[in-house]
């Protein structure tokens with residue numbers, strides 16, 4: 001980043017024609033012209049930096065705003081009734097009753113994780129955790145959604161071990177359980193992996209904190225780690241279409257995290273909240289101090305004056321632009337009344353957290369002033385910095401969309417031997433094999449409140465030890481489905497996350513999302529994006545659960561080739577008593593197995609299509625969200641009817657039966673004749689709205705399912721044979737559970753065994 005160390009507002013007025021490197025900072029010609037129009041002069045170096053940061057896609061949502069508004073338009077008053085903080089805040093906050101609230105959010109750290117996988121992923125965890133802290137909450141868990149290229153791709157071999165070690169190191173050091181996630185391999189993510197991190201926290205309803213600067217004379221306090229040169233340009237460079245290193249210094253655009261500093265910062269924040277000394281608070285993440293202070297000012301009822309000379313630094317002779325744009329981690333910014341400043345400092349000192357008074361709220365509405373070396377380097381309207389431009393970019397259905405929606409030829413084995421071979425091919429594939437190699441590097445049970453995590457439908461946490469109240473969380477996405485039909489793909493992601501939560505017996509209450517797409521300058525990508533947003537928003541409305549917040553990540557592409565459009569959807573559910581959680585492990589003794597839902601011939605975008613080498617074509621499975629709600633109506637009030645439940649998604653019934661048998665080490669004897677007339681279709685179709693349940697009260701289950709209009713089919717029984725026997729029509733297929741387990745569990749260690757992370761317990 002090119003900087004002029006003493007470029008002041010006065011100097012900018014005196015030197016109006018100075019050439020400035022705005023394009024290197026991600027600004028377009030018309031944006032630079034607009035900034036000069038707003039200021040009535042050329043911007044100072046610091047102003048140019050702040051506008052470039054705040055007008056980046058990451059901070060301003062300038063290409064997505066026009067479409068994201070649809071979430072608000074489709075949210076009814078009834079849906080929003082329990083939302084305490086929603087879209088536009090650091091994280092969504094949901095009132096779950098008894099004076100308790102839960103906050104959750106998912107965010108991307110894609111581009112930094114490609115450049116420096118360990119630190120990129122680690123600071124992704126740190127950043128999303130601070131978003132939770134900024135709502136007044138205690139973080140209690142994290143999850144991740146990961147996408148990589150093919151296993152044997154050199155980039156995947158480099159990036160995956162670093163990403164996993166970064167997530168495990170930061171999360172484990174924080175003492176936060178990692179309660180679930182997804183890892184997907186597809187060629188489209190080679191050169192552009194996706195690292196989406198989700199965090200969840202708890203708070204009392206009355207303890208909610210928001211990001212605004214209110215009350216003239218109130219002080220602006222910066223606390224946490226010192227400000228250095230790491231992360232400069234993170235949102236304006238790494239979050240844009242190109243990566244440019246600075247001319248004078250090759251500043252690192254990837255942040256460096258210290259989880260132990262963040263762990264202390266969490267406790268410090270919680271004590272500050274408890275002491276009642278915080279008026280407003282904002283974390284320092286993407287955009288650093290520039291983003292935090294300008295957002296606080298824009299959201300408040302006055303203006304703000306910031307003194308950069310008071311900012312604690314860990315590098316000498318940093319310019320104003322560098323101080324403002326630094327994305328050094330583990331920092332927070334708070335607004336505090338003058339009488340509480342001393343108490344604020346005392347609490348920070350108790351936790352050995354560096355703190356400085358760096359400014360104050362003024363009575364000059366919307367005026368954002370920044371001083372460095374005693375001179376004014378920024379004098380601008382805060383609202384123009386915060387709001388940014390709004391683009392209604394061209395939207396056009398791709399010319400090849402009809403072609404890709406035509407299902408190509410697909411191999412369909414019709415012999416027992418062929419089906420058996422296909423089954424092994426699927427369970428051992430990169431798409432469906434065991435993720436233990438990754439997940440065993442995460443601590444899933446630290447803090448002692450994890451009820452369900454390993455191989456679970458959804459992560460389940462106890463949040464109140466007195467009442468046993470808890471939450472279930474799942475995050476899901478399918479880029480393959482979304483490429484075939486973006487609207488349906490987003491609805492399927494919502495449906496799967498919803499179904500995973502329901503499978504634990506929890507009642508879904510809110511949705512979050514992270515929308516990962518290619519370049520917004522590509523009309524086809526913007527069509528995908530708009531369709532996905534509408535599919536997700538309409539789906540949430542149909543289900544009556546609000547979208548509480550989200551994140552957008554654009555420019556995910558290699559050259560001109562975008563990734564598969566990947567809308568990650570997270571669903572939060574509430575359990576009145578976690579002791580009644582439905583697990584997904586088969587209990588001991590004979591259990592009857594039932595399939596809830598209907599199986600159709602649906603292989604468009606399926607894993608079998610991918611594994612068999614048939615490419616990507618056809619239409620994704622049909623989805624009627626009313627069917628998902630009927631499943632919820634069946635399972636949530638009557639969790640005691642079933643001993644275990646496992647949703648069906650990728651790999652279909654065959655994958656679910658395999659996982660049930662593998663996890664329990666038990667045999668199954670099932671007849672799929674009533675599921676579908678074709679055994680291969682019965683096993684591997686990926687029809688939505690299906691769950692397998694185990695029960696000893698089959699008659700009651702069937703009666704209740706029929707009463708609610710849920711299709712129900714008896715599959716068979718569990719046993720201790722160590723064999724899965726599947727019949728359908730004239731065919732009978734037998735597979736050894738031990739052999740399935742070996743095929744399922746060896747794929748990842750064989751591909752990445754040379755790069756086991758430092759925190760791994762895998763042998």
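Glycine is treated like the rest: Cβ placed from N, Cα and C.
Swiss-Prot annotates 108, 109, 110, 111, 130, 327, 328, 329, 553 as substrate-binding residues; of 255, 401, 622, 629, the candidate listed for that same site is 255. Record note: Swiss-Prot gives 105, 513, 550 as ATP-binding, and the candidate from 61, 481 in that site is 61. Taking the centre of the Cβ atoms of 61, 105, 513, 550 as the ATP site, the nearby residues of that chain (Cβ within 8 Å, site residues left out) are 68, 87, 106, 107, 512, 514, 515, 549, 551, 552.
Of 61, 131, 283, 513, 551, all annotated as binding-site residues, the residue with the shortest Cα distance to residue 108 (substrate binding site) is 551. Within 10 Å of its Cβ, the residue among the binding-site residues 110, 329 with the fewest other Cβ atoms is 110. Of all the binding-site residues in the record (130, 513, 550, 551), the one with the smallest CA separation from residue 109 (active site, proton acceptor) is 551. DSSP assigns residue 327 (substrate binding site) to coil, not to a helix or a strand. Residue 130 (substrate binding site) has 283 as its nearest neighbour among the recorded positions 58, 61, 283, 513, going by CA to CA distance. The binding-site residues 108, 513, 551 differ in how many other CB atoms lie within 10 Å of their CB, and the one with the most is 513. The most densely surrounded of the recorded positions 105, 109, 130, judged by C-beta neighbours within 10 angstroms, is 109. Cα to Cα, residue 327 (substrate binding site) and residue 107 (Mg(2+) 1 binding site) are separated by 16 Å.
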